[in-house]
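The next block holds one structure in the form of structure tokens; read it before the comments.
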Amino acid sequence: MSAPELLHHVTSPGDLKVLPGEALPELAAQIRRRLIDVVTRTGGHLGPNLGVVELTIAIHREFDAPRDAIVWDTGHQSYVHKILTGRDDRLEQLRTAGGITGYPSRAESSFDIVENSHASTALSYADGLSRGFEMTGRKRRVVAVVGDGSLTGGMAWEALNNIGASDRPVIVVLNDNGRSYDPTVGALARHLAELRAGTATSNLLESLGFGYIGVVDGHDFRALDKALKAARAHTGPVVVHVVTRKGCGYPPAEQDEADRMHTVSPAPAPAAVTDDTTCEPRTEAWTTVFGRELAAIGEERADIVALTAAMRLPTGLGAFGERFPHRLVDVGIAEQHAVTCAAGLATSGLHPVVAIYSTFLGRAFDQVLMDVGLHRLPVTFVLDRSGVTGPDGPSHHGMWDVSMLRGVPGIRIAAPRDSVRLRELLREALAHESGPTVLRYPKGRAPAPICVHTRIGTVDLLTPHQSCSQVLVVPSGPLATVAVEAARRLAGMGVSATVADPRWIHPLAPELMTLVADHQVVITLEDNAIGGGLGAALSMAAHRAGLATRVIPMGLPVEFVPVGERADLLARYGLDAEHVVDTVLATRWRRGTSRAAAVSLAST
Ligand SMILES: Cc1ncc(C[n+]2csc(CCOP(=O)(O)OP(=O)(O)O)c2C)c(N)n1
Ligand SMILES: CC(=O)[C@@H](O)[C@H](O)COP(=O)(O)O
Ligand SMILES: [Mg+2]
């Protein structure tokens, strides 16, 4: 078989097993070329996948998936696994609506098990799977591939503690490239470095009851083959400590000091040639605005401390960390610890800022509720990637934070509509010292600023409040842009609508409730699951106040939202001006006004 065809003829692990060992380096080279060619166009986790080409080939040659369960921790490094299990022909549709996802997907393949892209879960799955196989008398192995970064998560150690006490055949492949995004932090990172250097005086993993095979060169097929055969023959749980290079084989990734091209953005679409010179000015990313403002506040206030869970740069803490290295705490992928550490910092008299992706805060809800909320501590949570994110799919949309956090007594939640409000609300949050505060904003660029027409208490009216207006639109955060556009369209139809941006979406301001009482219909817009969010809160408040106002919440469904472009998904769930206008007209129509009459009324 000529070398160029090799990759096309490997569509299953069975095809892989019959290849002669001397063909493997060429196969690896072809897979690497494929990854670089495609992922630099589609966007995705290029660095992590380039680091596991040989390792993934070796695992699928030694073990018998799907009979043996192979679990990928976080799953962002599973593109090679997908190529080797028959999905290379769909790689161009990586991380797109209707394409293949950037993580394992049970719907795509029986070789895939864990769809959740939250780190540090693989070993708990491995413990459960191996217990289940043992309890049901099935002789199936479990292979869990876990990164050194994911091993800094607490769940991983809870699982190691359980697996290590058993004699079950769990093979833990520790993919040690020394990094999360940044170099991995903490005593564990130091211990792994000593193991890699051969200077360790003890072995933490062996003392946990595991066999230990290492250190193995993760790019050497012979070494991998020998180590994995030994692991397969081992009785009881065993760790294979493999050393790999994130970004291996692609110099721009290998030389990327920031994060070894952990995630690359999609190549920009060719700019459409238009004569339109009035295109919108490019605004800044939410993350950039936050990072710059926090660094400025850090100059003014020595009590501000920032915390990250291994995502210093992705959450915008680069500038703050450069200016105040001793006031930036990176705890590793350990969100629960980050929150309660922040509680400790607040108890010591400081004001911590926990910068974290919305979806990852879910892991630390108990810590927010009981370690911060119960003690009414001044901790500010800045939730990036709130709402629909897009290419990362269901386990990355930040669509539960409002519903989850509204249950914390004493918490205050803000949703800036643009960069001006982000800076303003960050300062307001940091000035609040009698309990936790939250800011949430989505992935990507902030919209063009929308000026306030009138401020009533903490509420911004974005349109003139006309006494005759029957409709009030209450958007959360950047959906204010949608609300203002809908109001503009409704005005053109003779329907007057007021847009009120609460800025602080929890608790509801009394001034907002007064506005609700003044209107017949209230539409709330939120980039959050509709259950337990802004709309639910406002509906309940209107009901409890005995108001006749009709409240219509519009938001994301209580479902797992798929992969897709943010704008497409928002429109799919009705969070665009067209759907808001239709909802208003339909509402007038349902109140006994015929649709035709409503339209004719609207057209007057
Ligand atoms: C709970 C959680 N926190 C943060 C992240 C974001 N994240 C994705 S991959 C990654 C680094 C993972 O490092 P490692 O496990 O060493 O894998 P590598 O990328 O080095 O292969 C982080 C922090 C996540 N997916 N889940
Ligand atoms: C796998 C993971 O959790 C992160 O790498 C995530 O994919 C980053 O998301 P952004 O690309 O939105 O920063
Ligand atoms: Mg790593």
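Keep in mind that glycine also has a Cβ here, set from the backbone N, Cα and C atoms.
If you check TrEMBL, you get these features:
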BINDING   H76, S117, H118, A119, G149, S150, N177, Y250, E335  thiamine diphosphate binding site
BINDING   D148, N177  Mg(2+) binding site
DOMAIN    284-448  domain 'Transketolase-like pyrimidine-binding'
Sorting the binding-site residues D148, G149, E335 by sequence and keeping only those with a Cβ under 6 Å from ligand 2 gives none
Those binding-site residues of H76, N177, E335 having Cα within 10 angstroms of D148 (Mg(2+) binding site): N177
Are any of the binding-site residues H76, H118, D148, N177, E335 near ligand 3, with a Cβ under 6 Å from it, and if so which? D148, N177
Kindly assign G149 (thiamine diphosphate binding site) to one of the three DSSP-derived states: helix, strand or coil. coil
For E335 (thiamine diphosphate binding site), which residues in the same chain are close in space, meaning a Cβ under 8 Å from its Cβ, but six or more apart along the sequence? A309, I356, F360, L361, R363, A364
Restricting to the same chain and to sequence separations of six or more, state which residues have a Cβ under 8 Å from that of N177 (thiamine diphosphate binding site). G51, G147, D148, V243, T244, R245, K246, R260
Around H118 (thiamine diphosphate binding site), which residues of its chain at least 6 apart sit with Cβ under 8 Å of its Cβ? T74, T359, F360, R363, S395
Enter the number of other CB atoms within 10 angstroms of the CB of D148 (Mg(2+) binding site). 24
What is the biggest Cα to Cα gap, in Å, among H76, S117, H118, A119, G149, S150, N177, Y250, E335, the residues listed as binding thiamine diphosphate? 31
Report, as a single number, how many Cβ atoms besides its own are within 10 Å of the Cβ of H76 (thiamine diphosphate binding site). 22
